[in-house]
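Feature annotations, reproduced from Swiss-Prot:
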| type | residues | note |
| --- | --- | --- |
| BINDING | ASP8, ASP9, SER42, ASN95 | divalent metal cation binding site |
Amino acid sequence: MRILLTNDDGYQAAGIRALHAALKAAPEGYEVTVVAPDRDRSAVSHGITTLEPVTVKEVEPGIWSCSGTPVDCVNRALRQVCVGTPPDVVVSGINEGENLGTDIVFSGTVAAARQAVMYGIAGIAASLLPVSDFGTGCRFQALARFVARHVRALAALSSEDVLVNINARSAQAYARACYARVASSDI
């Protein structure tokens, strides 16, 4: 399975690094390519860059930095980096902070998964709610392992008009998962 990994926090962010490591370590032997923003691009929604050039450069083997938005990253990956070998799934994240309810409208993380779906490619967004107790922040490893273990099943849930949006609390491990539809924050 070929996986394109991106985010909106930047290619050096802890969340994408943890997810990249978990996917590469998975026994399934996933082929993982990272194309992610060169800096934090949080809350840019489905923005695309139109008034300046968008550049990509390989900063490590298989890891590309992009000067544009998360949607630009998906576009450049498909047109420049993954030419001839398109991904089977685009995984965006792990975002530091939740993407729930109407917040998904503003999320660059979710927008990248949505862009994949618009191309007919399965799209998965993964976000983590930080632990506020004692300022411990996000612990990405458990969610990274969960996504790596279940990426095929999660990709199968995506369709021509459905992306998968995962939100989890920082934890050591996850015992179960549940499905929910997007709801407004007014509920």
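Cβ coordinates come from backbone N, Cα and C, glycine included.
Residue density at ASP8 (divalent metal cation binding site): 31 other Cβ atoms are found within 10 A of its Cβ, drawing on all protein chains shown. Compute the center of the Cβ atoms of ASP8, ASP9, SER42, ASN95, which mark the site for divalent metal cation; besides them, the chain residues with Cβ within 8 Å of that center are ASN7, GLY10, ALA13, GLY15, ASP40, ARG41, ALA43, PRO70, GLY93, GLU96, GLY97, SER107, GLY108, THR109.
For the recorded site, SER42 (divalent metal cation binding site), the DSSP three-state label reads coil. Ranking the binding-site residues SER42, ASN95 by how many other Cβ atoms lie within 10 angstroms of each Cβ puts SER42 at the bottom.
If you draw a 10 Å sphere around the CB of ASP9 (divalent metal cation binding site), it holds 23 other CB atoms from the protein chains shown.
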